[in-house]
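A.B. asks: Dropping the structure in here first, questions after.
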Amino acid sequence: MEAFDDENPFDIESDQIPSETSSPSNVDISEPPSPPLNPSRQLSSEILGTERPFPSQESKRPQQHPNFKTDFCCARDRILHSGDDIEILITDAQKTNVGATSPYITYVIQTGNTESRHRYSEFESLRSSLVKLYPTLIVPPIPSKQTLGDYAVKQGKAKEDASMIARRKRMLQTFLNRLAKHPILSNEHVFHRFLDGEVSWTEVLNSPPLSLLPKNILKAPSHNPTDQEASPAYAALPNPSAAHPLRNPDQRFLDSEAFTNKFAVHLSGPMEKVTRRTVKRWSEFAQDHAELGAALNGFSLNENGPLSSAIEKTGQAVDATYMSTTKLAQELEQNWAEPINEYAQFSSIIKKLLAYRHQKHVQYEMTQDGLESKREQLEELEKSEHEARRLEAALGGRSTVSLPSSPSGEDTEGQSNNQAHSASYVPPHPGPNPTRRTARPPGMGFLNALSYTLHGMMDVDPETARRNGISKTRENISQLEDALHLAAQDLKYSSSTIQADLDRFQRQKVADIREMTISMAKSHRDWCKKNLEAWEEAKKEIDMIPDHPNKLPPPPEPSPSIRRDSTATLNGK
């Protein structure tokens, strides 16, 4: 396990040097500077410094209290950032059918003096909205939906299963508290409105900023996908696949991806399976003791005297073991199994976050390639234009396209035109219609449209097409240059922000695993203490049972003052 921890790329010592590709100085970002960030989206100076490259060299420094500020947007914001350790509670889960044709479970959320009610699907939409608003942050997970197997086994009662509802209550409460403690997400007004019981969630989903979210966040600013003043050059950015390879990958994030995959294998593989099996066996052990205790208590009624009391006390000790084991199994489920499952979900979230950053890097490289290709195309077109002008000057400045003046001069001029065009001909593309084409009368239907299209393809002047191509290519180059600048800014912002949140997540993970192990140790200690007390009481009652009448009394122990020789031992004296 030590070797596994040593490979953790989220925990960087201050003397480690980032790879060459991870240095922001290698990203070609020219003026103007990066666009200003929304204040609610900025990481604190402790998390994201302005003078140091990622990875963070100060990731281990103690942080100031993240939930304290003086500028509030609403009452919930004031409660969350008052400086106190405010805990959001889910106090109840109630069955209702308000606003729906079928009943559902609504969860009662208490934040300070504010109470709100939301169903599971609204928690789901809150999380998906935050993921789109903050594509470079680790948004905490919510408990997964019921599987098809659960619905098949419980025949429509899966949504009303008490254990499932209790589990969702705990994990949804953890989700809300993780949002409240996040240095960025806790400032989001959408989250504040979710906690407000007087606001309709449907209204929130259909109002800014959620209504301004683009369909494709890869073609929107990383720092603020809902920015309505974003450059139109974002539309020129490609839409790469997450599997597209990189020419110059960042080793820092390759290490992060490798560690995340290994972390996920450890959690979702043996760790989660063994934990689930352990909890199941403890639960079965408790159930066996429940049946054994009932049997012993019933058996004690058939006996009299000290034996009856001893059997009854033994049955009570078995009952105590049943209760303490049931509590142990519940604590293992809540304080160990559920956090393990949550961190398995965290690993999937981090994979998606790294995939987003990978796509942004691919987007930058593809834009670079497209720009270089357009520049080469422009260079070829300009060479063709220069050659055409040189030939035109050599031919005495005659027009490259001349109308026939007489039948006798038609062949001569045609040969001259063919010679002039042979060196400068470029395949035609749709351009403006030649002015000499006469308008055709309407009413010819499909044949008229087909003839119009064919003439548009054949009558294009190569010189006009070439010059239009040069103009269009220059426009494309200008647009790609703007797009490359935006892609570079997004890559730099995404890399630094994702790395900062990975460092924060690493500190959170260490603290959570520490609490998980301490909680497990306390649960086993309490289980041992309760069972020891119960069985010591049972032993006292058992010792009061008289000896068996046919049992020989124990031989007296020899006095230490009398010394026996070997002869006396052989004779039995």
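Cβ atoms are placed via backbone N, Cα and C, with glycine included.
So TrEMBL has the following annotated:
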REGION    1-68  region 'Disordered'
COMPBIAS  1-14  compositional bias 'Acidic residues'
COMPBIAS  16-28  compositional bias 'Polar residues'
DOMAIN    82-201  domain 'PX'
REGION    221-244  region 'Disordered'
REGION    367-446  region 'Disordered'
COMPBIAS  371-392  compositional bias 'Basic and acidic residues'
COMPBIAS  399-422  compositional bias 'Polar residues'
REGION    542-573  region 'Disordered'
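How about a rundown of where these features are and what they're close to?
C.D. replies: The helix, strand and coil residue counts that DSSP assigns across the region 'Disordered' (221-244) are 5 helix, 0 strand, 19 coil.
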A.B. asks: Taking residues 6+ outside the region 'Disordered' (221-244), which of them lie with a CB under 8 Å of any CB in it?
C.D. replies: 34-35, 37-38, 41, 132-133, 135-136, 208-209, 212-214, 355, 358-360, 362-363, 366-367, 370, 479-480, 482-483, 485-487, 490, 493-494, 497
A.B. asks: As a quick check of your reading of DSSP, tell me how many residues in the domain 'PX' (82-201) are helical, how many are strand and how many are coil.
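C.D. replies: Taking the domain 'PX' (82-201) as a whole: 54 helix, 23 strand, 43 coil.
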A.B. asks: Please work out the mean pLDDT for the residues of the domain 'PX' (82-201).
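C.D. replies: Mean pLDDT, the domain 'PX' (82-201): 88.
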